[in-house]
């Protein structure tokens with residue numbers, strides 16, 4: 001007999017006193033609890049009207065389908081068919097999900113492209129607007145104002161042969177430079193090594209502390225580094241045409257300065273007024289002014305050179321700076337107005353300049369040429385007072401020691417040290433093979449250490465003309481490119497900032513626990 005509800009043989013059978021129908025006990029109990037009536041006749045029914053039927057428990061009832069082999073085969077066939085239908089439905093859902101995901105990814109990629117294009121158009125529009133504002137004609141009373149490094153009234157600035165006339169370095173400026181030189185020279189006589197300077201054993205334990213991807217992946221490469229010691233900000237110039245200001249303490253990018261159309265070849269901080277300079281292969285120099293919100297706005301675009309600007313160096317007064325270019329000229333600028341006061345061209349030299357640096361006292365300028373010559377200039381007279389020969393290849397970097405006596409120059413053949421008192425080379429370092437140039441050289445601010453960068457980074461203890469210059473530490477170029485392009489000491493030589501031909505700024509120094517113990 002079968003259950004009147006399920007149609008199967010009940011395991012625990014019960015019968016209704018009113019209708020005489022057979023049920024599975026658990027099913028009829030649930031039905032009475034929900035509805036209170038017979039599921040077949042519809043009569044009122046309670047559990048008191050249900051009578052249990054006693055059966056033998058030794059053998060459980062077997063369903064008809066499972067009682068024979070044909071029945072079992074049919075049951076298996078039904079289950080297989082249901083499984084196949086379920087699998088087919090899942091495959092259809094998977095295919096639909098893949099199509100929706102592909103469409104969503106395509107939309108996301110298209111949106112990113114649109115956003116990038118709009119950002120680029122916005123930056124270009126902002127640059128053109130700023131350029132148009134600077135090129136707007138000014139009244140005669142404001143004739144000294146500048147636009148893109150040019151005076152507003154250009155007709156009065158053009159001399160014979162359509163060459164732009166320069167104001168020249170006035171007597172008052174020369175007096176200011178001379179006064180600065182006298183003050184710094186006097187201070188140098190009393191100069192002592194600061195007690196906070198990192199000792200030699202600390203530099204020997206330097207290791208990489210951090211690596212920061214600052215520039216674009218499609219145009220990797222850092223070409224120049226400078227450090228603002230008062231704020232511990234590192235500036236980098238990249239092949240991607242951007243200059244990036246990075247807070248070393250916070251580990252965050254503070255500002256990305258866009259506007260150059262080609263690689264940034266040189267970056268420099270000005271010690272006061274939160275001013276920053278960048279030179280580029282697009283033949284321009286930009287003066288950036290910091291604001292209270294931490295952003296930098298381009299104040300001037302200087303277009304006085306006719307070839308790539310290779311170097312920017314700031315005078316000790318922080319009121320003037322010099323740019324050097326492959327057009328074989330260097331320009332002396334007034335920082336506040338952006339005016340080019342003089343553009344120096346040596347008729348006897350047609351070799352472009354690849355590097356430049358002011359002497360710490362400010363009356364001597366050193367320039368390196370593409371033809372391997374180092375030229376020393378008197379800033380007051382703009383005359384070439386000395387030439388240093390002996391390098392092979394372009395002079396890639398110049399650094400004056402704070403002691404005022406030593407000059408370090410880097411080129412394809414290594415690093416040479418020059419004694420400015422006797423105007424001669426007293427030591428040479430042939431660091432790498434003939435296919436690997438030395439790209440950067442830098443004295444720390446105390447003049448106690450000298451760093452060099454090529455296929456690796458080496459730090460030397462500064463000696464004297466006769467005493468040895470010992471290599472303290474050799475740091476590997478971890479970029480994998482084999483080209484460390486620039487190196488700069490942090491305040492008190494507590495760390496080294498290194499740029500390479502990848503897009504990462506690397507900081508070398510003591511780990512925090514060692515640094516705290518050292519201090």
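A Cβ is built for glycine as well, from the same backbone N, Cα and C atoms used for every other residue.
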In TrEMBL, one of 103-123, 124-144, 145-165 is tagged region 'Disordered'. Which stretch would that be?
145-165
Using a Cβ cut-off of under 8 Å, list the residues of the same chain at least 6 residues beyond the repeat 'WD' (388-428) that approach it.
185, 188, 191, 354-361, 364, 366-376, 434, 437-443, 445-447, 450, 452, 462, 465, 469
State the residues, same chain only, that lie 6 or more residues beyond the ends of the repeat 'WD' (302-343) and have a CB under 8 A from a CB inside it; answer 'none' if no residue qualifies.
144-146, 148-151, 164, 166-170, 173, 176-177, 180, 184, 262, 265-273, 275, 277-287, 349-358, 360-362, 365, 367, 370, 377, 379, 382
Of the residues in the repeat 'WD' (354-387), how many are helix, strand and coil by DSSP?
0 helix, 21 strand, 13 coil
By DSSP, how many residues in the repeat 'WD' (257-289) are helix, how many strand, and how many coil?
0 helix, 19 strand, 14 coil
Within the domain 'U-box' (1-70), how many residues are helix, strand or coil going by DSSP?
16 helix, 12 strand, 42 coil
Averaged over the whole of the repeat 'WD' (354-387), what is the pLDDT?
92
